[in-house]
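Peer 1: Before we start, here is the structure in question, set down as structure tokens.
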Amino acid sequence: MGVQNRRRRFPNGNPAVGDNEILHRDEVVWGKSPNGTVFRVPTTHDVLTLFDPRYPKSHLDIVNLALLGLQLALFVWLSKRGAKLFFFFYFSFWRAAYDVGLGYVLTKQSKKKWIVREVQRRAWLDEKKRPLMRSWIRSQLQGKMGKDYSFDDLPLEYNTWLLFRQLVDIILLNDFLSYCFFAIACFRVPTGLSFVMHVMRWIGGMVLIAFNLWVKTEAHHVVKDYGWYWGDVFFQRGALVFDGVFEMAPHPMYSVGYAGYYGLSLIVGSYPVLFVSLAAHAAQFAFLVFFENPHIERMYGQRKLIAQRIPLIPTNISRSSSISIPPTRPRSRTETDPELSTPGATEGETSEPESEPDTEVDESYVPSPANPTLSNISKAKTLLQPTMTVHDLMNIYFRKDTLIFYNLDIFRASDVKLIVIIAYAVILGFIVPGFKSKRALLAFHFIHALSWRFFHSFGLGLLLQAQSRNKFLVRHFITHYHYPGKEAGRDATREAFSNWKSAYNMSLCMTYASFVGLAWQTYSIPAEWTVGDQLLRHTLGTILVLLHMWTASECYDVLGVFGWFFGDFFIEDYPATLAYTGIYRFLNNPERTMSGAAFFGLSLISGSKLVFALAVISQLSHWWFLSKVENPHMKKLYGSSLRQEAGLTKVVKQVAFKNAMLFESRATKHVPDIKRVAQEVKGTFDKVYEETAEVVKEFIHPPNLSEVVQDTKLMWRSRVTSEALMLDRGQYQISVGAKARFHIGEPITVHWHAPATHSKRDWIGMYRKGANKSTAVTKISSLGHWVPVHDDEWNGDIPVDVSQSRSPEKYEGDVVLKGENLPWTAGSYEIRYHHGGKYNVLSTIEVEIFVDDIPQLTLEAARNALTRLVVFALDSDPSLIPLSCQTRPYEDADDGRDPDDFNFWSEKQAKLLAKGIEQTFGVQYSAEVIVADANLSALANRILISKEILTTLYFSMSCKSQFYFSECVHAALKSPMTFNLGAVLVKGGKTLSSGYNHHRTHYDGADVLKHGHRKPTSMHAEMHAIFNATGMSPAFKTQFERGASKRSKLKPPTKVGHTQWHFL
């Protein structure tokens, strides 16, 4: 059961590496090493040959068999209690070796080719340095391979992979066998169950185990040894191809492939086995999240542009010609817009890459010279007819709408109403009102939850049905409200859709909140968890609730905000195609089968028939909504183009047909009867699939997770090493050329020169001038503003082990600080060269980061300043920066987009641009606002409007407030910190003191006693102002405990309310 989930990787349809079922004798399978070496891949054998005496055994195979035999001997020798304890810890060890150990080394191999580099460094396959080791490895590998294997002719990566897979066999087999022995040691016969329940328990367990074996067999038939042992981590073998069991569920070896765990738990009737199975399964999902998916994304993923403007109407079509608007998207499908849904690379239908939308230059487009002025750009934009794009359409109808509680904004009236009504539901559900009887209380909560369910399914369902048929909701707003201008129709649609989104989200929240309230009122904490089915009910109920949450998350990943809020019922001009990705690749409509999982889970936990009845009503109500509202709308839009069979149905039918053919071939005497039975069985699968609500689906497909910056962690060990003290700092030099001032965001190229003995783990960091008091050691975090001197010696921000450090191959070179490695704040900085992955400073230079000085802010001045920021934030990438910022003329562009449009690869780039705008213009924008504009002229115009509003607000302040504000600014300018803060303490209109945030190396002396050194600590601006006013250290408690005489000298204000704070 402990085997990995891989994908089929065949270039041009060739079978994968290690295919021991040779389809044709003359077939040749080719591999490619990372250095470009192409080689013929020999035949390999699967793990079952370990138990076949006809195959020779390597030394590692003998070790593996000995470990397996030792487990069997210990199981027979140990007592039942001793076997439970031993095999629990023994299985935990092998499970950790699999999920933690293999996950760690495979991740390092995927990122830095660490395993291959270790083999090279230790010279295991070097005939000159270690001939005995090479000879031993050669004999181990040649004995297990066939006649087409040549150890000397194959590249290092392939031989390393063969050696690695023998280690994998040891881990997987011992993991599987130790789990089986632990389960058998925990075997018991549950009491209190009828004979029928025991029979069903055994039958269900055996069915799950058989299904587990079938999934793994089919998966190995698809991926072969190449995917089974992560061959693509070592060498290339083609793109991803999905077929067989991988059409039934994503990651089947991690989800449904572990059904045997739960089948064996049923048979042995043991809660410890069940919980150990759940923990092991969760560990396997962690392996998927932290290694498998990131590796597949690195190998096969394609980056998606953010803010890419895809015209709704192709620009090469004449505007006077008749145009057929593409049909709107169905809610349960994914759209072509990359912003709304970005499924993982593992979710594609085939290995064919997705084609990008074709855009051509409009016939009326007049090219402009390279690097035009603002007037030239304006002329070009007036000649180019305006074209609505998908990006613009999304930002018209969607503005960080609240989804459950995500994007909640307490300054929006609709969100405040949502908070109030949820609070009312919580009070009703968890604080018992004044009912005289429990029966009346439950009746109240049942009617309350039922009302919200009917409103959500039938009330909103009928409203959405009317909107689909005759635009009822939009017509209502057009009829009763005035919308001036030419965009009256779009404004009415936007307001109708906005109100619908608010009502739908509120109804969704209240439906679940009222149901949880009813479940809470019927729930009572069990007095004895191990008596009866209490523990089992709580476990299964929790699993169903988590399954429901995961299904909803997967649906949203595919649908996006457009599909979640039924955008195709309102927005007619949105382009889409039918694309079944993500969870919709395996189920046509996951909501039909999974939408009630949480309700039934809560009914299991509560053990209430009333809650179960409401769960059934909720499921039936949602089925009505799908069948009477959503499905008719989809059929109206797409007709016969809707898919009839999902991946799960297809696989089940294929298995049924395969078994029918097998029966037919083996029972020739009863061919007519078998055909009839087979046809009947085949015909029932569609009906069963449509009627059942208990379809087994995958449990986990995690979103791509965001990266975590770890630069801010404190060093727990000493920063000064004896090795660094012996170095000659004069031999280490860094420079940035003759230029010492750089524009904010401008890449800084640092040239370094070091002796031949310098460490390959040296690194260069950038810090605010004055932040570090010592010139010999750095005591504060770089906040991510650093680069390694040798990138191959670092895994993210973690240096490789000292034992792996090799002699450097060069004595000087260049590194570039750019993008998020730069501080996007104006000021003076130090660039420091550090030794050996630690904080010892060997060389330092000073640079200055400045922003453009804009004497008079006009549209052209704002646009010119913004141009540099955009180019720097987007790393001067030609595919991202505006055409107006590029050297090529407009006629060379491959589309008809606005020359001021730009795109992003990630939201981080938008955040950097927002920081640059704040530093240059003094206005703050969120990344979402930057992405929504994604146009130089539009963003410059937004800045002008914002500055006008902010200037008006400033001059509307009283003269006294302006004076205090200027005092805060003056104090903040003295701060050496990355973020400059100032504060003034005012009483009775008189400024008592001012302060600014800065570093304080020592407060009360306790650091030396506790830590042995003085850790750097910052003093807040308001604390500094208090200190300057009172002469008292900010450690108030310590000062007050030193004596009353000290306290008597402070004389605090008698009326605290008259003391005013002004803080910037």
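Every residue gets a Cβ built from N, Cα and C, even glycine.
TrEMBL labels come from automatic prediction, so no person has curated them.
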Peer 1: When you get a sec, could you say which of 628-650, 789-811, 1042-1064 is annotated region 'Disordered' by TrEMBL?
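Peer 2: Per TrEMBL, the stretch marked region 'Disordered' is 1042-1064.
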Peer 1: Looking only at the domain 'CMP/dCMP-type deaminase' (962-1032), what is the model's average confidence as pLDDT?
Peer 2: 74
Peer 1: Restricting to the same chain and to residues at least six past its boundaries, which positions have a Cβ under 8 Å from a Cβ of the transmembrane segment (597-625)?
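Peer 2: Counting only partners 6 or more residues beyond its ends, the transmembrane segment (597-625) has Cβ contacts under 8 Å with 442, 446, 449-450, 453-454, 456-458, 461, 511-512, 515-516, 518-520, 522-523, 537-538, 540-545, 547-549, 551, 591, 693.
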Peer 1: Using a cut-off of under 8 Å between C-beta atoms, tell me which stretch among 62-79, 266-291, 441-464 contacts the transmembrane segment (85-107) the most.
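Peer 2: Comparing 62-79, 266-291, 441-464 against the transmembrane segment (85-107), the winner is 266-291.
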Peer 1: Using a Cβ cut-off under 8 Å, which residues of the same chain at least 6 positions beyond either end of the transmembrane segment (441-464) come close to it?
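Peer 2: Here the qualifying positions are 428-429, 432-433, 435, 472-473, 500, 503-504, 507-508, 510-511, 514-515, 517-518, 521-522, 566, 569, 610, 614, 617-618, 621-622, 624-625, 628-629.
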